[in-house]
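All remarks here apply to the structure that follows.
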Amino acid sequence: MTGPKLALTDSDLTTLATDVVVVGTVQGPDGLVLADGAAAVDAAFEGGLVGILDTLGAKGRAEEVVKLPTLGKLAAPLLIAVGLGKPGADGAVSEEQVRRAAGAAARALAGRKRAVTTLSAVHLGAAVEGTLLGGYSFTDYKSEAGDGPVGKLDLATPAEGSLKDHRAALKASTAIAEAVTTTRDLVNTPPNDLFPASFAERAAALGKAAGLEVEVLDEKALRKAGFGGILGVGMGSSRPPRLVHLSYVGPKAGKKVALVGKGITFDTGGISIKPAAGMDEMTSDMGGAAAVVATMVLAAKLKYPLAIEAWVPMAENMPSGSAYRPGDVLTMYGGKTVEVLNTDAEGRLILSDAIARACEDEPDYLIETSTLTGAAVVALGKKTAGVMGSDEFRDRVAATGRAVGENAWAMPLPEELRADLDSRLADLANVMGHRWGGMLAAGIFLSEFVAEGVQWAHLDIAGPSWHSGGPSGYTTKGGTGVPVRTLAAVLADIAANG
Ligand code: BES
Ligand code: MN
Ligand code: ZN
């Protein structure tokens, strides 16, 4: 999907030739008030805009959309007032509030040729992200695409700050939002069309276009190098597995970062097959991989001063006469052996191979993300990622996620659970004999493959990577693109602070 054309404007919004003017409203302590950036528009209504909106029932509640014909008060025939909700304790409206309001406004603008928004005067970057993400829709498989997003959106320039900074913010936020929509597109592509080889091709094409170095290991190369986890999981499918390696070396590259993402293009559970109800959602079991690929493209676009190596394992988990079975022992990359007690705990098997390989390059930081466990959804719900790993880095990643509006919460790796992964015959088993602490056990399994001295974080995105309800804020149905914005913010933080 291509989003609207975005441009900063300093024009007088009351005379600007456009179809719609968007203003923000706030649920103040004493009732409805206008957000920053709406003063000139209000003046065109002789200061009566709050009164008119109040008559129409507006409260300023989050994502409330009220439409008003301007009857000649503005050059634009329509005004849309979108709610930001209550301001915070400091009296200010947060970036996340603007992101959500901009998302709701973007949907209200669908099909229009041209509009101007004043939400950008409140928080420019958040308005850009909310607009591009909230207006997203995946129509590749629809015979009729329906209303597309608004064609061109002018962004009122914030009152403070330099034009140079505003331009940089517009560019960075556009790139970040595009990385999110790339991730959504990949996740939303159905599993008959997105399988390991086709996913690898798309990842390679995206990587090459961004100037990354790209290497794709096919099943022969995987066998030669000893990637037993990826091969074992991929055995059941007629469509063999892949491992995609993307490299980025930035200008004045400082820290070395490794990224790993789970790329199960469809998870039936394998021989330990899943129930039919809801199995279709397992089209999203490559959300971690998609996020990592898109983040690599973003890193190249924003030229982070880092060296980043991404290792992205891709496989389809199918039951068949050639499938791996409960009871099999796999020899993983690096030589550790794993007894497979449940073929539905496949993510950790492909990820461990990739983590072990990534650690050979001695990264300072390793970030891995995966739709790994249903237990994460039970513990944290559909909107919050569970973050495990090295104590300090785990907390940093979780806090960074929360700061950009992707909820994340630090989770422990209790050492007593390690014994529950002991195997009768191999170095470890892929599941415990019980289900208590299933999210944490998966994290402990992965930790066995992380090299000493590497600061690492594992983000279990089983809940937040997929949205089953209707659109809300800037979150649309299907793939959400989580945790791209967390990854981007963590990389920017490492670039700035080490
Ligand atoms: N891909 C699933 C996890 C998942 C569940 C993601 C729900 C998104 C929504 C994963 O491969 C899986 O099947 N995990 C098992 C692990 C179990 C066998 C230890 C699970 O969570 O049931
Ligand atoms: Mn599974
Ligand atoms: Zn899975």
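Each Cβ is built from the backbone N, Cα and C atoms, and glycine gets one as well.
As the structure is a computational prediction, the values presented were derived from the model and not from experiment.
Feature annotation from TrEMBL assigns active site to K274 (among others). Sequence-distant neighbours of K274 (active site): residues of the same chain at least 6 apart with a C-beta under 8 Å from its C-beta are D267, T268, M282, D344.
Every protein chain considered, the tally of other Cβ atoms within 10 Å of the Cβ of R348 (active site) stands at 27. The active site annotation in TrEMBL covers R348 (among others).
Sequence annotations record features per position, and here TrEMBL assigns Mn(2+) 2 binding site to K262, D267, D285, E346. The Cβ of K262 (Mn(2+) 2 binding site) lies under 8 Å from the Cβ of D285, M286, G287, G288, A289, P313, G347, I350, L351, T369, S370, T371, L372, each of these being in the same chain and 6 or more residues away along the sequence.
Annotation source TrEMBL lists Mn(2+) 1 binding site at D267, D344, E346. For the recorded site, D344 (Mn(2+) 1 binding site), the DSSP three-state label reads coil.
Counting residues 6+ beyond its ends, the domain 'Cytosol aminopeptidase' (342-349) has Cβ neighbours under 8 Å at 229-230, 232-233, 236, 262, 264, 267, 269-274, 285, 315, 317, 319, 323-326, 330, 332, 370-372, 430-431, 442, 445-446 in the same chain. If you look up TrEMBL, you'll see 342-349 marked as domain 'Cytosol aminopeptidase'.
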Check your understanding: Tell me, how many other CB atoms lie within 10 A of the CB of D285 (Mn(2+) 2 binding site), whichever protein chain they belong to?
Key -> 28
Study note, to complete from the structure: By the 10 Å Cβ-neighbour count, the most surrounded of the binding-site residues D267, D344, E346 is E346
Study note, to complete from the structure: Residues sitting within 8 A of the centre of the K262, D267, D285, E346 CB atoms (Mn(2+) 2 site), not counting those, run G263, I264, M282, M286, A315, N317, G347, I350, S370, T371, L372
Revision key, fill the gap. The answer for which recorded positions (K262, D285, D344, R348) have a CB under 6 A from ligand 1 is D285, D344
Check your understanding: Near ligand 3, which of the recorded positions K262, D267, K274, D285, D344, R348 have CB less than 6 Å from any of its atoms?
Key -> D267, D285
Review point. Excluding D267, D344, E346, which residues of the same chain place their Cβ within 8 Å of the centroid of the Cβ atoms of the recorded Mn(2+) 1 site?
Key: V233, I264, T268, G269, G270, S272, K274, M282, D285, N317, T343, A345, G347
Check your understanding: Of K262, K274, D285, E346, which recorded positions come close to ligand 2, meaning Cβ under 6 Å from one of its atoms?
Key -> E346
